[in-house]
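Data block below; observations after.
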Amino acid sequence: MRQFTHGTLLAILALANTISAIPSFSANNYPAHPAEPLALFAQSQPQAPLGLWTRLRNSVIERLWGVPPQQRNHRGGNKQYPFYSAPASLQARYSDDVVLRFRLQTADEVKALVEASNILFLDVWASTDEWVDIRLAKDVVPSLLGLLPKSLQTAHVPLIHDLPQTVYESYPSSSQRPTDNGRGFLPSRESSSDVTNIFFEDYQPLSVIGPWMRLLASMFPSHVQLISIGSSFEGRDIPALRVGVRPANDPKPRKTVIIGGGSHAREWIGVSTVNYVAYSLITTYGKSTPISTLLEQFDFIFIPTINPDGYVHTWETDRLWRKNRQETSLPFCPGVDLDRTWGFEWNGNATGDNPCSESYGGDEPFAGTEARQLAGWVKEQTEQHNVKFVAYLDLHSYSQQVLYPYSYSCLPRPPNLENLEELAMGIAKAIRLTNRQSYTVSSACQGFTASQKKVKLDTFPRMESTGGSALDWFYNDVGVKYSYQLKLRDKGSYGFLLPRENIVPTGKEVFNAVMVLAKFLLGSDGFEGLNWEAEFQRLNEADKPILDDGDDDEEEDGQDKKDDSWIPDEYKNDNDHDDDDDGWGLRRRRKR
């Protein structure tokens with residue numbers, strides 16, 4: 001980046017100042033931070049921190065001119081921060097809720113839990129071959145347990161002991177952001193930190209993500225273009241970044257990879273990870289031979305917020321909102337699940353009469369506005385712009401899984417199953433080698449299987465309908481050979497409320513996974529003598545894992561002391577299900 005002229009540098013800095021003063025998108029499309037809970041953090045601040053765009057501008061100076069940054073007290077380590085209690089609004093919304101993890105061992109148990117969840121309209125957070133996490137009101141717990149077999153009535157533990165506080169802590173905190181003490185750009189002996197620490201030190205609202213994407217397109221016009229996929233139900237733009245260097249007058253179809261996140265609004269780590277991978281590819285172009293060659297042969301489309309309306313809603317009203325925000329036949333139950341509304345094997349009959357279901361796929365295929373917009377854009381690119389989509393990564397959370405087609409059923413065998421499995425295993429390996437985080441690999445259809453301790457593995461029923469998924473539509477209807485859904489961190493300690501300290505480590509894991517995908521797509525074309533593994537090691541510095549996968553977690557500060565006063569005595573845990581049994585692997589939530 002040092003080849004920029006002095007005039008170019010001044011232009012970039014002027015652009016950063018301009019963007020900080022004039023929003024790139026209308027206020028209607030990108031509303032500001034919610035007044036609560038963020039404003040509460042600032043009440044006791046003696047000195048306001050610099051604005052985000054000011055810090056971004058400063059980071060450009062550091063990066064381009066090599067000026068060491070001022071000292072910053074980044075979150076983490078031994079630094080102690082003031083404790084703030086969740087405001088009354090969050091207490092009112094979430095204090096009566098609990099997240100329970102059920103351990104499942106038989107098909108009958110799964111079937112009973114599925115039926116009970118449907119009857120009570122419960123919010124299933126995540127499920128694997130061993131457990132299911134469900135959020136419900138505490139006063140509904142007796143009704144749920146009463147519908148379950150005796151073996152399940154005590155086979156559960158609470159995951160998050162203080163849901164309002166955990167929700168509150170997931171929002172950015174101005175009091176926890178490093179302050180500059182008015183020192184500006186004084187030299188420091190501290191080694192230069194990565195510019196990513198500024199944008200990726202916290203989750204960002206849509207009002208920041210949009211201008212940030214525009215800034216990247218303005219700074220790197222040679223290989224970055226800001227595009228629009230379409231409009232949401234509420235009229236917001238669905239922005240995307242096209243990253244690549246397309247040769248002029250090339251008659252061959254342009255091979256293109258789509259990486260998207262935010263289909264489910266509450267899954268903030270997916271949004272941040274899409275942005276992180278985009279930033280990493282953009283800023284590494286010209287510095288790494290593999291990445292430069294990759295972007296000359298492939299375009300990457302990064303869509304961080306496929307569901308902008310729902311994402312804004314999680315910032316302004318309900319942090320745990322999942323669907324989009326369009327109207328349904330029931331005015332008090334808005335929203336369509338954007339991963340259950342796609343046209344291939346749409347299974348709306350499963351939830352068609354229940355718009356209140358969290359997995360409601362609409363009353364017809366492509367009922368979800370944003371999914372319909374993305375499908376139309378993909379069709380237009382294929383038919384009118386000579387684009388060939390070759391890979392699709394759909395980032396979700398949580399449970400740490402790499403899933404491949406098909407989702408709707410296990411009966412059909414994907415024609416390239418062997419290649420799908422091989423690449424999926426490579427993706428999981430890359431993630432494990434980055435930060436020692438383990439991801440399981442399976443077909444998205446598999447649902448639940450019996451414990452591996454048993455000789456025979458039986459396929460269990462699934463907790464929710466899996467027809468109409470984006471994963472299957474891209475694979476079958478578009479012909480994308482490598483279509484995957486990645487369910488990111490964690491495995492339940494925080495669920496959708498993953499602490500901000502996980503943003504960069506998760507981003508690095510998925511960036512390395514994308515590099516494995518790139519190597520798979522490129523093959524040996526022009527890289528016979530290149531050591532990819534050495535190149536990855538050069539580009540990445542592995543972080544220590546924030547959340548360890550081990551089963552040896554120690555109890556800390558009473559975090560394992562659960563309040564079970566709301567559970568009827570007859571349903572309280574007994575010795576039939578040992579929490580420390582092999583395979584249970586419940587990791588306790590830790591204080592930060």
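Note that Cβ sites are derived from N, Cα and C of the backbone, with glycine treated the same way.
Out of Cys333, Cys410, the record in Swiss-Prot bonds Cys356 through a disulfide to Cys333. Across the domain 'Peptidase M14' (202-521), the prediction's mean pLDDT works out to 93.
Close to the recorded Zn(2+) site, the chain also has Gly261, Gly262, Ser263, Ala265, Arg266, Gly270, Arg322, Asp339, Leu395, Ser397, Lys487, Phe496: residues not among His264, Glu267, His396 whose Cβ is within 8 Å of the site's Cβ mean position. A simple way to gauge crowding: the CB of Cys356 (disulfide bond) has 14 other CB atoms within 10 angstroms, across all the protein chains here. When secondary structure is read from DSSP and collapsed to three states, His396 (Zn(2+) binding site) falls in the strand class.
Comparing Cα positions, His264 (substrate binding site) lies closest to His396 out of the recorded positions Cys333, Cys356, His396. For the recorded positions Arg322, Cys333, Arg340, Cys356, a Cα to Cα distance of within 10 angstroms from His396 (Zn(2+) binding site) holds for none. The recorded positions close to Glu267 (Zn(2+) binding site), defined as a CA atom within 10 A of its CA, are Arg322, Tyr398 out of Arg322, Arg340, Cys356, Tyr398.
Figure note: comparing Cβ neighbours within 10 Å for the binding-site residues Arg322, Arg340, the maximum is reached by Arg340.
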